[in-house]
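Heads up: the structure comes next, in structure tokens.
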There are 4 protein chains.
Amino acid sequence: MAGNTFGELFRVTTWGESHGPGIGVVIDGCPPGLALDEAGVQKMLDRRKPGGGSIASTARKEADRAVILSGVFEGKTTGTPILIMAHNRDARSSAYTDIAGLFRPGHGDITYTAKYGIRDWRGGGRASARETFGRVAAGAVAAELLRLSGISVAAYTLELGGIRATTIDVGQVDQNMFGCPDSTVMAAMTDRVTQVKRRGDSVGGIVEVRADGVPAGLGEPVFDKLDADIAKALMSIGAVKGVEIGAGFEASGMTGSRSNDEITPQGFATNNAGGILAGISNGDRIVARAAVKPIPSIGITQQTVDTNGKPASISIKGRHDISAIPRINVVCEAMVCLVLADHLLRQKAISWTR
Amino acid sequence: MAGNTFGELFRVTTWGESHGPGIGVVIDGCPPGLALDEAGVQKMLDRRKPGGGSIASTARKEADRAVILSGVFEGKTTGTPILIMAHNRDARSSAYTDIAGLFRPGHGDITYTAKYGIRDWRGGGRASARETFGRVAAGAVAAELLRLSGISVAAYTLELGGIRATTIDVGQVDQNMFGCPDSTVMAAMTDRVTQVKRRGDSVGGIVEVRADGVPAGLGEPVFDKLDADIAKALMSIGAVKGVEIGAGFEASGMTGSRSNDEITPQGFATNNAGGILAGISNGDRIVARAAVKPIPSIGITQQTVDTNGKPASISIKGRHDISAIPRINVVCEAMVCLVLADHLLRQKAISWTR
Amino acid sequence: MAGNTFGELFRVTTWGESHGPGIGVVIDGCPPGLALDEAGVQKMLDRRKPGGGSIASTARKEADRAVILSGVFEGKTTGTPILIMAHNRDARSSAYTDIAGLFRPGHGDITYTAKYGIRDWRGGGRASARETFGRVAAGAVAAELLRLSGISVAAYTLELGGIRATTIDVGQVDQNMFGCPDSTVMAAMTDRVTQVKRRGDSVGGIVEVRADGVPAGLGEPVFDKLDADIAKALMSIGAVKGVEIGAGFEASGMTGSRSNDEITPQGFATNNAGGILAGISNGDRIVARAAVKPIPSIGITQQTVDTNGKPASISIKGRHDISAIPRINVVCEAMVCLVLADHLLRQKAISWTR
Amino acid sequence: MAGNTFGELFRVTTWGESHGPGIGVVIDGCPPGLALDEAGVQKMLDRRKPGGGSIASTARKEADRAVILSGVFEGKTTGTPILIMAHNRDARSSAYTDIAGLFRPGHGDITYTAKYGIRDWRGGGRASARETFGRVAAGAVAAELLRLSGISVAAYTLELGGIRATTIDVGQVDQNMFGCPDSTVMAAMTDRVTQVKRRGDSVGGIVEVRADGVPAGLGEPVFDKLDADIAKALMSIGAVKGVEIGAGFEASGMTGSRSNDEITPQGFATNNAGGILAGISNGDRIVARAAVKPIPSIGITQQTVDTNGKPASISIKGRHDISAIPRINVVCEAMVCLVLADHLLRQKAISWTR
């Protein structure tokens, strides 16, 4: 129960540090017979690749070439654990030596040291965004399982640096460097990011995830509600500070007559519930949002302490993104896939008696 | 893994339906030697009591007299499972007979039916707020464990019906019927609730929970982060549609230079992190918020379908709260206590080697 | 993870002490739609009743009247947690006051004290055979689930006080006070037990459990093998010191050519495997055996220490069985039912993809 | 919950097939600060190496060179997941092509096919003894943790081919090719194995594991008893068909006055309990035994069916051991180490309150 495992039936354990020899994931509980190969996994992984042209992303080139070491035979899953890993390359831990004695504001250095009594100064260790390799690789397998049941999941940039999409056209998402479904806000986002980058600062934003085709009935009362598990899944991503389902925080200001989704023979009239009622999917589209904080590694000088508690100042020079968005989007998508795959199997376990 | 259990080491399983013979909880993993009696548990339970004078709450009088059936000997916990329960009384399921054939908008009737193929029309079953009896009873035990380590948790109404507290004076919380830490907004809240009540409508709001005295080092990377578990804990409460930690959604609009909490030898200069960095407590106050949707049971007529899918209209007459707030506050507090107690034990398991 | 829970999908948590106000069990994960009532549960519970005429059993009269407090609606399971409990009656803890300061040889008093730092002298606490109430009540629910899939489980006395059944006629089991499938050894068993009882001593024996109708494919490699879970299930019963599957310890003395079960188009030629190959059921009858140690509470004087570690002698006077057999048989049966029900659900979760 | 994970706090997940590209294990929950390097892990792994001179073992030369890919920094564990793996070499799956269409008696081919609907004919897949690589690698880490608390574990051959050791001199174990603690039975064991080998047959035996230095108090009532978890741990090893603790099956024939271990101020007078009372360690030596069936792969012709259910005969030619003993001994030892490490952490979590 050391926290590196997610899911009950579709069960994922990630391992590896940002500057160790490799990173990866074990997936246990994937049913047999799914088509799976490295190319398919790689395709989803490539969406978290840095330097993909986005001005918001770092120039660090990570190969992250996924290899499958177990659980697949003749192109199909066998029902046994699936190990997917990548060897770490281009991981210059020397880049970190000049800040090895300092705690970086907004980072986990100080809390990892408090927790474990150990100071691993090489670029974040488990708290690094590189840990998400395992999440996305597993998410690719989960997505394949969901496809069998007609479920599809998509994530996109709803807001970046305070600029918010006003329309959602999922077809636009792959057409721009911000992963944004609204082409009309491109200019404003670009301006905003360019400005901030010039100052050596960073920005946050909001990622929206939607799942279509989810049948009614997924989610387990009372603690393992579908929305509770999505909340945990998204909040477990390093940069996320808030999670909403459906109308979310806006619902707190509504009246019941407005927030309730009326029911018609054709389905729900509105979707303030975000597809989840009492923790169980209602057959409508599932909609979740994650609030992403700005990248804490900034060039601007900040006050901090060294590992002896003495005051110091710090300015991070390395290759860092301006925003976790849009690279984080596929991680959010992967996490929602993991939750849905898990609950799909859980529902299969109990629904055969009727 | 049917979802009625929460926590890994401090492990809580709730059971019971709103209109069955009883409701309760089993707590497994509570260390031995804690002082525990029914009066102490009852004190926390009484804070979720309806009809406590608040105009926002129902007149249904639930005794909810907690009895401890196991795990305590001579006033102390023994290390064995603690069973706390209450017999259900004043549960007139007949009040529901006129809507037994309809699905109530905003409620779990329709999703429970989809999930289990069973229609229990008696007032919500497991989705009822009565299920929270077990959560709060367990929270009272967790709070006792936290007290041993100098940790205290408090929840209060940050916003109700769109009226938001502007100052936080925890001493005020028990002094008013809304559980609000800001006496200056009482009049506005009262007005708002009275208006809405007159129309047969309901309101939502925002609960804030803070934990003081939490040592640095609690929380398990990478999935069982402290904030991820708090997010799940709060989102697992029926009416909650959003969760934030620290600056939360506001952080998504900040720059890194503003959202980062600078570090001084005396501690963090600000607390946008809400006391949690990289999923691990940083020694600062932990701050979480839950967005609570309006009570879905309203007197206003709404469109729905009956259990055969035929269109129908519905207006709920029974005794229902105008808002889940303030009764839900202690549930939020209890859930955060459960998370902290669990992570406290988890940290004890690994910190002895140094 | 405090150890009072068994099973992953069909998940059982027992609670209660021998001399507390009540004992019981929560069953989480039972699918909806099973026929279930108190009478059915009681029927299985009555088989562990003491004083049932057997000269091997105590005269203590325990009502153990099972009540179902949740999870059943209109005679069917709803999919929500099932709470079954009994109030403790006729529990004279005063009977234990004269040995309250001593550790009883062969009992858990001394280890519970070491573990928890607490001395509950009232008749065994959680280590009492009364804890098995919850196991058998849950076993009755599991048996109902298994019945849906055509699986039946039976337990009987294979050996008692060194006297071993030579033929297995399951029809005989209910016909004699030892739960023995071989009527020809009745006289010898009676003699043996009578002799030992006269001396104030006790005896052990061997229980055999068989499961018929188990489909091939249940059991999860590699740790949660079906036989591994049966071994844990049986060994978790207080008095059990050994577990075998199929040929068991005898297999260790065989050659491969003899222990291998040859395969024919009609099935396996022999069943040394006990119905389990590589941890997965093979479609044949499952056969397991549990070695039961003698009841440690004996009238014969033995050396021990008091709670201060000072030498003392002890002789137990209370109402105690001569042997855990045959009352323990239904507990063994219940545990195997729990294992099979759990693995049946686990297999349902993964077998739908083909 | 697909079964490839063992332990609650010291949590091990193995992955990999016998003829896939690699095999390994993730260990999650290992506390920080333990000295750990590949050489130390390799030392324990080498004890399961085939062809080590034993006439009972195969000539297949497996490199099994352990590499640590995560969780260790500067020679110490960091508290994060430890990935240990080996690349598979010398894995000629072609050796299996002539039996690819047949089910091997005594093997899991037939049950894996029933479970997963997939026929992986390459030498056993997950059911292969090669899966134990991960168990032993993890056991080496667990042993290091136990060493910190003064606990040591040893396994040895108690019986082989029906020849039983009469004295236990642990110093002898490394001195002979059977891992036997009694040098006086060497000649008889050699004779027996040589004879059987000549016939193309195989033998079974009994492994005994002892743990010294285990403090009183480890083990969780009621299901996760220390002996229940040991029983599961040992029975989860492919070839094991029976498990005993202390007097084990012999206890079933004793009277209580003989099986009870009397207590003196200096400790227990005997150890029929095998160091465990009511599922909790009593401070005495822990003693467990595993009954190992003969290797099912034999040269002698046997009846079987092909994958279409047609009758066939089979004789296995490949490089196979005559007995799983002594190579299995270190696997038994590793599994007991895993159980003890897990329960040590569990006890740390709850024992700090006093």
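Cβ from N, Cα, C; glycine included.
In Swiss-Prot this protein carries:
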{"type": "BINDING", "residues": "A:Arg48", "note": "NADP(+) binding site"}
{"type": "BINDING", "residues": "A:Arg126, A:Ala127, A:Ser128, A:Ala278, A:Lys293, A:Pro294, A:Ile295, A:Pro296, A:Ser297, A:Arg319", "note": "FMN binding site"}
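Other Cβ atoms within 10 Å of the Cβ of A:Arg48 (NADP(+) binding site) number 23 in total over all chains. Cβ contacts within 10 Å of A:Arg126 (FMN binding site), excluding its own Cβ and spanning all protein chains shown: 29.
Around the Cβ of A:Ser297 (FMN binding site), the number of neighbouring Cβ atoms within 10 Å comes to 24. On a Cα basis, A:Arg126 (FMN binding site) lies 17 Å away from A:Arg48 (NADP(+) binding site). Filtering the binding-site residues A:Arg48, A:Arg126, A:Ser128 for a Cβ under 8 angstroms from any Cβ of chain B leaves A:Arg126, in order along the sequence. The local packing around A:Ile295 (FMN binding site), expressed as other Cβ atoms within 10 Å of its Cβ over all shown chains, amounts to 26. Proximity to chain D, defined as a CB-CB distance below 8 A, holds for A:Arg126 out of the binding-site residues A:Arg126, A:Ser128, A:Lys293, A:Ile295, A:Ser297.
The Cβ of A:Lys293 (FMN binding site) lies under 8 Å from the Cβ of A:Gly106, A:Gly204, A:Ala239, A:Val240, A:Lys241, A:Ala324, each on the same chain and at least six residues away in sequence. Under 8 Å, Cβ to Cβ, and six or more positions away along its own chain, A:Ser128 (FMN binding site) finds A:Glu17, A:Ser18.
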